[in-house]
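S.K.: I am attaching a structure below and will ask some questions about it afterwards.
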Amino acid sequence: RKNSILKKNQSWINATKNNFLVGDYESLIPNADLVINLTPDKQHSNVVKELQKLMKKDACLGYSHGFNIVENGETIRKDITVIMVAPKCPGTEVREEYKRGFGVPTLIAVHNENDYSNMGLEVAKAWAFSTGGHRAGVLESSFVAEVKSDLMGEQTILCGMLQTASLVCYEKLITTQNHPGYAGKLIQFGWETITESLKHGGITLMMDRLSNSSKIRAFKLSQEIKRIFSKLFQKHMDDIISGDFSSKMIQDWKNKDQNLLNWRYKTKNTSFEQSPDYDKKILEQEYYDHGILMVAILKAGIELSFETMIQSGIMEESAYYESLHELPLIANTIARKKLYEMN
């Protein structure tokens, strides 16, 4: 923004300190070969409309999520190439994984109606390489597949299940006379600790961290959870494929996020979010030994999300990214700020 440049605020200081070219929309975009739009989905239509007025012929417009194209039906000038590089995690985790010399699994795609010079895929590959995505795996997808699988993963195992399970497991621990601080810490850091095993050996390694008797119990619990949630997961998938889920979300945007803000308020005031600090150390194995239900929920949620996506026609690699592989990175956000960052 011009005002930020004139006042030389913190963003300006950070950018100039790291030798970035600083300028406003009108001065930078007309000369840019690649313009990346990383604004929130609900702002895309207005942002993209303004970008197109300034972008030069044969430039590239980049997305990290294709909601605006697929669900809003946004049309882009035919002389602009439209690509997507979608890391499968929150933006904060993309940066953290890059800083430690790695990256996150990434989907890339070219919008079929906007590949003006047939160079879209090469540009997308280069962009994914620059974020370190190639170190974790880059999969060519499509705008439609990325959006539908992303929404399904978020609404089920990645966000929906983790959030609900955090609240339910906390209440369960309290009813069994556990200290509120201990219960809060076990759940807040338990998801991160337990899902770390998924990175290295999938569900098999996660289950192997349990004793034989606990493993049997977790397996039986997971089967029961899958039976209970199967129809709900299928309904989520049907609503996402049909566009019903997105239309309701867009309507809430128009209502100034009334539903979203109400849900955030309710979550903020739950017992889990308000749980006190606990300064005693919980050993790594203790998270598994006292988190059998959490392990069962993870196993059931991952398998059910994956299976439901496959049944709807989403390819296995994409379903895997959106069910198992992204899960540890989402769990990290709970470890940082409980459910605040996720929401």
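Glycine is no exception: its Cβ is also placed from the backbone N, Cα and C atoms.
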S.K.: Please state which member of Asp150, Asp208, Asp238, Asp239 Swiss-Prot lists alongside Glu322, Glu326 for binding Mg(2+) 2.
M.R.: Asp150
S.K.: Far apart in sequence but close in space: which same-chain residues, 6 or more away, have a Cβ under 8 Å from Ser11 (NADP(+) binding site)?
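M.R.: Counting only residues 6 or more apart in sequence, the Cβ neighbours of Ser11 (NADP(+) binding site) under 8 Å are Ser4.
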S.K.: Do you know the mean pLDDT across the domain 'KARI C-terminal knotted 1' (142-286)?
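M.R.: Averaged over the domain 'KARI C-terminal knotted 1' (142-286), the predicted model reaches a pLDDT of 96.
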S.K.: Which ones are near Glu322 (Mg(2+) 2 binding site): of the recorded positions Asp41, Lys42, Gln43, His65, Gly91, which have a Cα within 10 Å?
M.R.: none
S.K.: In the domain 'KARI C-terminal knotted 2' (287-343), how many residues does DSSP call helix, how many strand, and how many coil?
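M.R.: Tallying H, G and I as helix, E and B as strand, the rest coil: 44 helix, 0 strand, 13 coil.
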S.K.: About how far apart, in whole Å, are the alpha carbons (Cα) of Lys42 (NADP(+) binding site) and Glu154 (Mg(2+) 1 binding site)?
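M.R.: Counting only the Cα atoms, the answer is 17 Å.
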S.K.: For the recorded Mg(2+) 2 site formed by Asp150, Glu322, Glu326, which further same-chain residues have Cβ atoms within 8 Å of the site's Cβ center?
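M.R.: In sequence order, the nearby non-listed residues are Lys88, Ser149, Met152, Gly153, Glu154, Leu158, Ser318, Tyr321, Ser323.
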